[in-house]
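The domain 'GAIN-B' annotation in TrEMBL covers 45-223. Here TrEMBL flags 234-472 as domain 'G-protein coupled receptors family 2 profile 2'. Per TrEMBL, transmembrane segment is recorded for 236-259, 271-291, 303-326, 338-360, 380-400, 421-442, 448-470.
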Amino acid sequence: LQNVLDLLQDTLAKYKDISFLEVENNVITERKRIELIYTTADAFQTFALKYGWYHLNESTPVLRRKYERIRVRIRKRLRRDFDDDFHLGESSSETVNIPSENFKRNGSVIVVIIYKDLHELLRRRELNNADLKKRRRLNSLVMAVAMDPKPQRLIRNVVMRFRNQKLLDATRNCVYWKGFDSKSIDGWSDEGCQVSKRKQEYTECSCNHLTHFAVLFDFGSASAETTEKDEKILKILTYVGLILSLIGIILTLASYALLTDVHQPLSQVRLSLVASLGLGQIMFLAGINATQDKGVCVAVAALMQYFLMSAFCWMLVEGIYLYLFVVKVYNINEKMAMYHACSWAFPAVMVSISLIISSARDGISSFVSEEYCWLSNANHSIWIFAVFVVTVEVLNLLILARVVKEMSGTQSAPENHQIRLCIKTCVVMIPLLGVTWLFGIFSTFHKAFAYIFTIFNSTQGFLIFLLHCVRNSQIKERLNRKFNAIFRATN
């Protein structure tokens with residue numbers, strides 16, 4: 001046993017000192033490194049159970065070992081122990097309590113292994129986890145609990161207490177190591193485990209199965225401090241807003257297609273903008289969580305990136321049109337072919353570049369994050385999109401400022417009237433120019449920006465309909481003429 005324990009500690013030390021460098025140099029993947037760690041831990045756990053059966057007896061029913069990196073306790077329960085619960089630990093440290101109802105009458109072997117620095121080794125994964133919208137950090141030691149014979153189900157839950165390594169204000173989850181799949185993208189799952197008690201110093205967990213356990217803290221970002229309640233509210237706001245937006249987009253498409261001259265530049269720009277924005281939002285609603293099939297997930301992310309980048313191209317064209325119309329008094333009719341070519345072709349080029357870069361580095365699946373069907377931050381694919389969005393919106397902000405200055409400078413009306421006109425211009429143009437997307441950059445600093453970003457951008461299509469169809473005098477006039485013509489025809 002001593003030799004195996006020494007080997008285990010040496011192996012974990014090597015994973016800590018060497019594998020992280022290999023991950024950084026792309027020798028092995030982060031996921032592979034984590035799997036190797038748990039394969040090693042499982043092998044030792046199996047060995048410890050067999051050791052308990054063969055080497056523990058009535059005279060020596062318990063074996064305790066305490067080392068620099070691990071703490072091990074093996075207990076062979078005999079028939080005389082049937083009515084006793086299994087308890088390990090003091091109240092000030094990690095503890096585990098297994099009710100006696102869970103043990104076989106003819107004896108059992110229980111193994112508890114507490115890894116003193118395994119959580120630090122696994123916490124390194126957070127450095128490569130920035131692509132997750134919701135970051136999770138191990139905030140306790142890792143405890144392995146095993147029993148042989150293994151019960152099909154526990155009659156009463158096992159209760160474990162973990163000291164919190166850091167006093168952080170975040171959502172706590174009791175989790176166990178399940179392995180990587182579509183439901184546990186970072187290897188941890190809370191299925192069958194729940195937090196039974198929360199204190200500042202510790203977290204108590206109640207679980208109906210046995211394996212490797214720990215406590216995870218969830219973070220929306222390092223400083224945004226969004227709680228679980230915030231996440232639920234933001235999710236509801238997103239889906240309600242997107243449904244409203246798509247209704248607004250459908251009505252906007254119908255209004256401009258049926259009630260305006262579609263050959264006019266402004267109508268073409270508006271139709272193209274809302275169409276690309278609507279298709280991007282449909283892709284989000286239909287496929288953002290389609291992580292089970294990696295091929296489908298990559299396709300969803302690529303199409304979403306394409307349609308949203310196309311929408312931003314048309315938002316920039318809106319800004320250019322506004323600038324030329326107000327400041328330069330210039331007709332852009334002859335430029336529309338170029339705007340169409342750039343706004344539909346340029347995003348395709350950027351998506352292709354993103355896919356090629358991802359494929360060349362870690363394979364096509366690295367194009368998307370593990371939690372959502374959206375661009376991964378691990379290989380920096382998302383920065384192609386983010387830099388493009390910021391560039392477009394900064395340009396549109398500068399254009400809007402120049403237009404407001406031009407409008408206020410040409411008015412001879414009183415100052416308060418000019419101020420109202422400038423405010424009205426900003427309110428009307430912001431949804432078309434997409435300026436509120438910049439709040440997404442600041443959402444990592446405070447959750448208030450996350451709410452502003454979600455509310456305004458999920459409803460962008462609906463706001464465009466209200467401000468540029470419902471309030472559009474030309475559309476209202478033509479709609480009235482059509483209704484009057486229909487009314488006269490029926491009479």
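Heads up, residue numbers simply count up from 1 along the chain you see.
Even glycines carry a Cβ here, placed using N, Cα and C.
It should be emphasised that the depicted structure is a prediction, and the values quoted were computed from it without experimental measurement.
If you look at the transmembrane segment (338-360), the same-chain residues 6 or more away from its ends with a CB under 8 A from one of its CBs are 268-269, 272, 276, 298, 302, 305-307, 309-310, 313-314, 317, 320, 332, 366-367, 375-376, 379, 381, 384-385, 388.
Outside the transmembrane segment (380-400), and at least 6 residues removed from its termini, the chain residues within Cβ reach (under 8 Å) are 131, 305, 308-309, 312-313, 315-316, 318-320, 322-323, 350, 353-354, 357-358, 367, 374, 425-426, 429-430, 433-435, 437-438, 440-441.
Mean pLDDT for the domain 'G-protein coupled receptors family 2 profile 2' (234-472) in the predicted structure: 86. Scored by C-beta pairs under 8 angstroms, the transmembrane segment (236-259) has its highest count with 448-470, from the stretches 271-291, 303-326, 421-442, 448-470. With a threshold of 8 Å between CB atoms, the same-chain residues lying at least 6 positions outside the transmembrane segment (448-470) that come near it are 220, 224, 226, 230, 233-234, 237-238, 240-242, 244-249, 251-252, 255-256, 270, 273-274, 277-278, 281, 427-428, 431-432, 434, 436-437, 439-440, 442, 476.
Sequence-distant neighbours of the transmembrane segment (271-291) (same chain, 6+ residues past either end, Cβ-Cβ under 8 Å): 182, 185, 239, 242, 245-246, 249-250, 252-253, 256-257, 262, 297, 299-300, 303-304, 307-308, 310-311, 314-315, 317-318, 340, 343, 368, 370-374, 432, 460-461, 464.
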